[in-house]
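**Q** Pasting a structure below so you can have a look.
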Amino acid sequence: MGKKPVVIGVAGGSGSGKTSVARAIYEHFGDRSILVLEQDFYYKDQSHLPFEERLRTNYDHPLAFDNDLLIEHIHKLLRYEPIEKPVYDYKLHTRSDKVIHVEPKDVIILEGILVLEDERLRNLMDIKVYVDTDADIRIIRRLLRDINERGRTLESVIEQYVSVVRPMHNQFVEPTKRYADIIIPEGGHNHVAIDLMVTKIRTILEQKSFL
């Protein structure tokens with residue numbers, strides 16, 4: 001039986017610091033052996049829908065994600081085959097025509113708010129992580145990200161948080177904490193937790209004869 005990459009799932013609420021955790025792990029191993037696969041890139045294609053209908057998309061609901069494609073891509077990466085990762089256009093609220101070529105690596109970090117929600121995804125993971133951060137900090141980070149990076153207005157972000165993000169977090173995201181092997185408070189700023197994770201990843205890599 002050939003070697004298979006290590007898959008790490010990093011979940012947590014929007015603005016919890018998942019990306020910081022993924023980046024901190026990435027920096028320990030470097031580009032040669034690790035890749036980050038963001039669930040955000042795998043929102044469903046909505047090009048068949050009128051723009052007004054796309055505006056009503058609930059991006060925090062499990063059904064917003066094309067997990068079938070994501071799982072297909074993970075299986076390819078586990079076979080050391082490259083993938084063409086989709087790109088999502090947040091201004092048009094649908095999948096872009098562009099794709100990103102991704103080469104397989106020894107460590108795959110799967111990062112997203114609901115990566116622990118789908119049992120099929122969980123079954124592909126060697127380590128399951130939940131990043132736990134105060135709601136106040138999460139909403140501030142989401143405000144800054146959506147306004148600066150996604151062209152949103154302050155009013156629209158606040159309205160979406162109150163009507164969609166917070167209830168979806170409580171209903172779908174927070175409950176996935178029970179599936180986590182590791183719960184990390186404070187995200188990427190928790191250096192002790194990051195170091196412990198890096199040590200665990202190295203152990204798994206050694207067991208799989210990568211190191």
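Using the three backbone atoms N, Cα and C, a Cβ is placed for every residue, glycine included.
Below are the features listed in Swiss-Prot for this protein:
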- Gly12, Gly13, Ser14, Gly15, Ser16, Gly17, Lys18, Thr19: ATP binding site (BINDING)
**Q** Relative to the Cβ position of Lys18 (ATP binding site), how many further Cβ atoms are located within 10 Å?
**A** 28
**Q** Which number gives the other C-beta atoms within 10 angstroms of the C-beta of Gly17 (ATP binding site), all protein chains shown included?
**A** 25
**Q** Here are some binding-site residues: Gly12, Gly13. Which one has the most Cβ atoms within 10 Å of its Cβ?
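**A** Of Gly12, Gly13, the one with the most crowded Cβ is Gly12.
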**Q** Specify the count of other C-beta atoms within 10 Å of the C-beta of Gly15 (ATP binding site).
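**A** 26, counting other Cβ atoms within 10 Å of Gly15 (ATP binding site).
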**Q** For Thr19 (ATP binding site), list the number of other Cβ atoms lying within 10 Å of its Cβ atom.
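**A** Result for Thr19 (ATP binding site): 21 other Cβ atoms within 10 Å.
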**Q** Return the single residue from the binding-site residues list (Ser14, Ser16) that has the minimum number of other CB atoms within 10 Å.
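**A** Checked Ser14, Ser16; of these binding-site residues, fewest Cβ neighbours within 10 Å: Ser14.
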**Q** Identify all same-chain residues not among Gly12, Gly13, Ser14, Gly15, Ser16, Gly17, Lys18, Thr19 whose C-beta atom falls within 8 angstroms of the centroid of the ATP site's C-beta atoms; report them in sequence order.
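**A** Same chain, not in Gly12, Gly13, Ser14, Gly15, Ser16, Gly17, Lys18, Thr19, Cβ within 8 Å: Ile113, Val131, Thr133, Arg138, Arg141, Gly187.
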